[in-house]
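Feature list (source: TrEMBL):
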| type | residues | note |
| --- | --- | --- |
| BINDING | H53, S71, Y142, V143, N144, S159, H231, P232, E233, T248 | iminosuccinate binding site |
| BINDING | C116, C205, C291 | [4Fe-4S] cluster binding site |
Amino acid sequence: MDQFAPIHIPPRDALFAPLARLMTRADWETRFADDIEAILRLKRERNAVILAHNYQTPEIFHCVSDIRGDSLALAREAQNTDASVIVMAGVHFMAETAKLMNPHKTVLIPDSRAGCSLAESITAENVRALKRTYPGVPVITYVNSSAAVKAETDVCCTSGNAKRVVETVAREWNTDRVIMIPDEFLAKNIQKQTGIEMLTWPGHCEVHEKFTPLEVRQYRRMHPGVVVLAHPECPPEVVAEADYSGSTADMQNLVAREQPKKVLLVTECSMSDNLATQNPHTEFVRPCNLCPHMKRITLPAIRHALETMTTPVEIPADLFPAARRAVERMLAI
Ligand code: 13P
Ligand code: SF4
């Protein structure tokens, strides 16, 4: 970047516009506007991009991020940026994945405590033990895992490509069973769709495991005609109550394509806020389960990360090649 070129910040009217259905202008001005302008300036100064997961709050998602999406899109796009700094507005495993795809770039996580109950449910030693118990069975690991666990893995998957990855691995390895970790519910949901046996692990997403079939039935009674979309991290009994199950990007695409009158997203609640701004003709029923890890990422935290260049994500050199290979194989599928 030419350090003497003026930094253009869009006018506040334009920055606020996508949030107009969610909050008042005065609220936005008081709580967010200064941080937003500071972040937009810092991004130019640092030659940085901000990747935001669909669960980020609307002021991050719409006002400062450059690339938005589900875990799969963020992993893919992390490869394509030519910025020198990547700020991950998401959780730690997403920042690690971005680093795996960009070993020579600085990847910052604005709050290094932004973890994930799935990633924390399993260690590399647990995976080695599974491999000893089931020798020769391929290991498919959800990207919601640490780099150390990925390094013990044959292929990664996300909720957006899990079915395709499982079917491809089963075909190429000529097997009708796979080790699929660490999300027990995702594995069971994919087993139902593919008929392929899953040896799994009792890891759960602390947000999605809370939904119950009864709750979904109650929403249906209260909102006749509502279209129900459930994330595949939900228990299978909850997915069975839904009209459709898919990743956060699949949900976004379905709402954009079909424009249902009323929709219930059985997932983290910022997702509904973000989609509501893009789909003014759809009413969103909002069960509110928040991910406490995603919510550690705030505008002040992003601003601080760019001001101080903290916290850079590093991956131990001995884990790097194997962890990266597992993600690359996924992206190739
Ligand atoms: P997606 O890949 O569907 O965006 O999900 C990531 C996640 O953490 C869901 O809880
Ligand atoms: Fe992890 Fe669940 Fe939070 Fe996603 S929503 S980051 S799976 S704890």
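Placed from the backbone N, Cα and C atoms, the Cβ positions cover glycine too.
TrEMBL labels come from automatic prediction, so no person has curated them.
Features per TrEMBL, on structure.
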residue: H53; record: iminosuccinate binding site; CB count, 10 Å: 26
residue: C116; record: [4Fe-4S] cluster binding site; CB count, 10 Å: 25
residue: Y142; record: iminosuccinate binding site; CB count, 10 Å: 30
residue: N144; record: iminosuccinate binding site; CB count, 10 Å: 27
residue: C205; record: [4Fe-4S] cluster binding site; CB count, 10 Å: 24
residue: H231; record: iminosuccinate binding site; CB count, 10 Å: 28
residue: E233; record: iminosuccinate binding site; CB count, 10 Å: 29
residue: C291; record: [4Fe-4S] cluster binding site; CB count, 10 Å: 22
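For ligand 2, the nearby binding-site residues are N144, C205; that is, of H53, Y142, N144, C205, H231, these have a C-beta under 6 Å from one of its atoms. Here the candidates are the binding-site residues C116, C205, C291. The one whose C-alpha lies nearest to that of N144 (iminosuccinate binding site) is C116. A 10 Å radius around the C-alpha of E233 (iminosuccinate binding site) takes in these binding-site residues out of C116, C205, C291, in sequence order: C205. Within the set of binding-site residues Y142, C205, E233, C205, E233 have a CB atom less than 6 Å from some atom of ligand 1.
Straight-line distance linking the Cα atoms of C205 ([4Fe-4S] cluster binding site) and Y142 (iminosuccinate binding site), rounded to a whole number, equals 12 Å. Listed in chain order, the extra residues whose Cβ falls within 8 Å of the Cβ center of the [4Fe-4S] cluster site residues C116, C205, C291 are V91, S117, L118, N144, E206, V207, H208, E233, E268, H293, M294. A gap of 14 Å separates the Cα atoms of H231 (iminosuccinate binding site) and C291 ([4Fe-4S] cluster binding site).
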